[in-house]
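Worksheet: the structure to be examined is printed underneath.
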Amino acid sequence: MESSVLTRPFAPPSSTVLRRPLSIRSLPSLSPLHLAPNSLPTLRSRSLPHFPSPKPHLRLPPICASSPSSPPPKPTPVPLSGAKPLPLAISIAIGLAVRFLVPRPAEVSLQAWQLLSIFLSTIAGLVLGPLPVGAWAFLGLTASIVTRTLSFSAAFGAFTNEVIWLIVISFFFARGFVKTGLGDRIATYFVKWMGSSTLGLSYGLTVSEALIAPAMPSTTARGGGVFLPIIKSLSLSAGSRPGDPSARKVGSYLVMSQLQSAGNSSALFLTAAAQNLLCLKLAEGLGVVIGNPWVSWFKIASLPAIISLLATPYILYKIFPPETKDTPDAPAMATKKLEQMGPVTKNEWTMLGTMLLSVALWVFGDAFGIASVVAAMLGLSILLLLGVLEWDDCLSEKSAWDTLAWFAVLVGMAGQLTNLGIVPWMSNCVAKVLQSFSLSWPAAFCVLQASYFLIHYLFASQTGHVGALFSAFLAMHLAAGVPGVLAALALAYNTNLFGALTHYSSGQAAVYYGAGYIELPDVFKYGFVIALINALIWGVVGTFWWKFLGLY
């Protein structure tokens with residue numbers, strides 16, 4: 001390489017030299033002491049132009065490849081730290097406006113009205129995002145203490161809530177699935193068994209996510225950590241590339257099908273999504289208590305959720321068809337991947353056995369007096385004792401601790417709002433409005449459920465939606481005479497189903513859209529179409545199923 005550079009003729013010193021990718025600092029390499037032996041004859045045989053040696057005290061700037069007339073490079077802007085000014089101002093303004101500008105009803109105490117203003121400001125911040133969710137929730141909690149709206153013990157009382165710690169431990173279980181590779185192995189097996197056609201491939205991925213869902217309480221984690229990498233690998237092997245017309249061969253359909261099916265997987269199990277547990281806790285604050293929650297949730301959701309899960313891939317196959325119908329190479333790829341994985345490891349067996357034990361205790365624990373959170377604690381203890389998870393794994397699971405922070409704040413504030421009389425006052429107001437329209441409770445149920453669902457076009461977070469509107473809408477249902485368990489669970493199931501409405505409506509929607517296989521108009525179009533189909537299935541099948549179960 002050195003000899004080829006040295007044999008290149010040099011240009012005379014002029015402005016054109018400045019355009020050559022050379023620098024004065026590189027000239028000492030011309031010394032014979034730094035040349036390979038076979039390059040010395042070449043150096044002697046070519047006449048080099050004379051460059052006067054710079055004086056020892058003279059320091060020349062390096063010669064750049066750019067023209068001397070080109071402007072200096074712009075400095076990289078330093079990102080601003082701290083809160084975003086506009087969302088911060090709007091969030092605070094909402095709370096101040098409620099506190100000082102909106103007349104306080106005579107039935108509501110000053111303390112309750114002040115807490116409502118802080119709560120609304122906190123919710124606005126969760127939606128607008130002046131700070132990360134956990135940080136903003138902590139600021140709201142601090143405001144409630146500084147203003148002496150809540151005592152320290154009352155403000156932090158929700159951090160001992162059992163449901164919150166069940167969610168945190170479930171995040172640790174999810175990390176175990178990813179760390180051991182068990183989730184990836186389960187999905188790959190279904191690709192091997194059902195992946196000879198594109199439709200079968202989609203069903204394999206859908207069924208495998210439904211099986212993994214109760215142990216991974218985050219649709220975002222399942223999508224980004226397990227299923228999207230598999231879909232990308234299968235699509236690329238079939239010549240389907242993101243951001244390219246070839247995306248419609250396989251990738252677009254698989255991504256769209258997985259996105260639209262994920263909501264039903266989350267609605268099927270109580271522990272399949274963090275917002276499910278938040279819904280039940282907020283419902284308890286309004287007096288709606290569901291006995292044996294894990295079993296009750298699954299039993300009530302099972303028939304409509306399973307039918308929707310089975311219908312979604314086929315419906316999309318007809319209205320959003322892939323160009324490639326057969327994928328004969330997919331099972332072979334899955335087989336090869338399983339061979340590379342090797343036999344099931346000890347940690348995978350341990351993870352599987354622990355999850356089966358935990359699920360069994362969630363199902364039958366009430367008969368033995370074992371609460372759901374205690375079953376989760378036993379499972380986590382086994383994983384730590386056997387080395388499947390290290391404590392550092394738990395400490396580094398930021399999403400778990402972040403959820404603990406904002407979840408506890410929301411639950412605590414919502415509970416105090418009920419204790420201080422805000423929620424009963426709202427319920428009475430809604431009852432009077434509904435009575436003025438003379439709506440029967442089934443009609444009110446349909447109107448309120450549809451409104452709760454469609455309002456999600458204004459939200460970028462499922463949990464933010466729950467924190468902002470769940471308690472209020474449940475209070476409206478109760479005021480209209482809707483049976484409490486039916487109202488609470490229908491709202492909770494809806495919270496999962498609207499996660500695929502848009503590309504911003506949930507974490508998993510952002511993950512799947514970001515893969516580059518689906519176009520934005522398609523996300524909105526088919527998100528709305530599948531939402532209507534889900535509403536039809538859940539409305540018709542659910543009506544008869546819930547009547548059979550005695551919910552109304």
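Sequential numbering from 1, following the chain as shown.
Note that Cβ sites are derived from N, Cα and C of the backbone, with glycine treated the same way.
Per TrEMBL, these features apply:
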type: TRANSMEM; residues: 85-102; note: transmembrane segment
type: TRANSMEM; residues: 114-138; note: transmembrane segment
type: TRANSMEM; residues: 150-174; note: transmembrane segment
type: TRANSMEM; residues: 294-317; note: transmembrane segment
type: TRANSMEM; residues: 370-391; note: transmembrane segment
type: TRANSMEM; residues: 403-427; note: transmembrane segment
type: TRANSMEM; residues: 439-459; note: transmembrane segment
type: TRANSMEM; residues: 466-493; note: transmembrane segment
type: TRANSMEM; residues: 526-546; note: transmembrane segment
The transmembrane segment (439-459) and the transmembrane segment (403-427) contact flag, 3+ Cβ pairs under 8 angstroms: no
Ranked first among 85-102, 150-174, 294-317, 466-493 for CB pairs under 8 angstroms with the transmembrane segment (370-391): 150-174
Closest-packing stretch to the transmembrane segment (85-102), where packing means Cβ pairs under 8 Å, from 114-138, 294-317, 466-493: 114-138
Tertiary contacts of the transmembrane segment (294-317), as residues 6+ beyond its ends and Cβ separation under 8 Å: 198-199, 202-203, 206-207, 210, 253, 256-257, 260-261, 264-265, 267-271, 276, 280, 362-363, 372, 489, 493, 526, 530, 533-534, 537-538, 541-542, 545-546, 549, 551
Tertiary contacts of the transmembrane segment (114-138), as residues 6+ beyond its ends and Cβ separation under 8 Å: 83-84, 87-88, 90-92, 94-96, 98-99, 108, 144, 147, 149-150, 401-403, 405-406, 409-410, 413-414, 416-417, 420, 422, 459-461, 463-464, 467-468
